[in-house]
């Protein structure tokens with residue numbers, strides 16, 4: 001494999017010294033970039049784009065041509081897993097993802113198998129291999145999956161949800177069925193992420209987008225427990241390097257200690273928590289990723305720089321282990337030049353903290 005020219009992102013996740021704070025953006029390959037829109041139009045639709053390794057690699061690399069980002073993230077979707085399980089994923093204009101065959105009972109759970117990462121999901125592995133080749137060792141490649149709980153919310157609700165009534169009904173009325181589903185999903189995510197690592201992902205991330213809708217007790221039982229199972233079973237060394245694992249629960253600020261106790265290398269933070277507080281609580285155990293509100297990218301350049309400065313100051317210069325990111329995905333109507341201001345500000349303003 002090609003030698004890695006910029007390994008700052010991996011070093012920061014492992015709390016090793018770096019000369020500036022590395023940065024990437026959730027959804028950095030996406031609709032805010034005109035070149036992405038052009039490639040997506042060429043593909044025809046979103047899933048066709050994911051399933052074409054050449055085009056998936058092209059959109060993964062697009063933000064790196066514009067901005068000096070310190071990592072690339074696989075262009076894919078968390079719903080590849082339920083789609084491969086046969087739930088019939090489709091997209092309705094303006095409504096987001098939907099499933100033709102949602103999970104409603106034990107028979108539905110029994111029916112789904114664990115998809116083969118080099119079978120039904122081979123297109124994802126082909127994309128990973130293609131991206132690694134096309135990156136030529138410039139920056140590391142991040143692989144990812146949704147968390148079992150977050151995947152289950154889409155599978156039981158039949159798509160996106162605001163109130164999560166169907167899955168919460170299952171959770172309280174028939175918890176055994178939900179545990180059966182979550183267990184199957186955890187086994188699937190383990191195989192899926194390990195296959196991404198074997199195909200060339202140099203770090204992996206688990207997105208628990210909807211963990212924050214749970215009570216503290218239910219978060220531990222229905223979300224964290226399964227992420228812990230995943231962390232325990234992941235390949236942690238490949239190509240002679242550590243493969244860092246990041247867990248990200250949106251609105252999970254009250255559970256940082258429990259998340260850190262899973263043995264993950266890093267925790268993703270959203271913007272609702274102060275990074276200085278997070279560092280005080282768990283900075284000795286894990287690296288932190290985050291945590292600027294993506295909406296700040298609508299602001300004037302000076303305001304963006306000011307926010308970057310505040311977050312860097314919050315993390316401080318005591319110890320290492322900060323990867324700068326947004327607290328969630330970049331919005332689709334952010335001017336690309338503002339993303340450039342953000343990335344440049346992180347590099348420039350963080351250097352004094354690493355002397």
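Residue numbering: from 1, along the chain as shown.
Each residue, glycine too, has its Cβ placed from N, Cα and C.
Taken straight from Swiss-Prot:
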- 27, 28, 29, 30, 31, 77, 154, 209, 328: substrate binding site (BINDING)
- 77: site 'Transition state stabilizer' (SITE)
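Shown on the structure are the features that Swiss-Prot records.
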| residue | record | contacts (Cβ under 8 Å, 6+ apart) |
| --- | --- | --- |
| 27 | substrate binding site | 329, 330 |
| 29 | substrate binding site | 36, 59, 60, 62, 63, 73, 75 |
| 31 | substrate binding site | 37, 40, 332 |
| 77 | site 'Transition state stabilizer' | 46, 47, 50, 97 |
| 154 | substrate binding site | 79, 82, 97, 99, 146, 160 |
| 328 | substrate binding site | 26, 250, 270, 271, 294 |
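Secondary structure at residue 31 (substrate binding site), taken from DSSP and collapsed to helix, strand or coil, is coil. For the binding site of substrate, formed by 27, 28, 29, 30, 31, 77, 154, 209, 328 according to the record, the largest Cα to Cα distance is 23 Å, rounded to a whole number.
In the three-state DSSP reading, residue 154 (substrate binding site) counts as helix.
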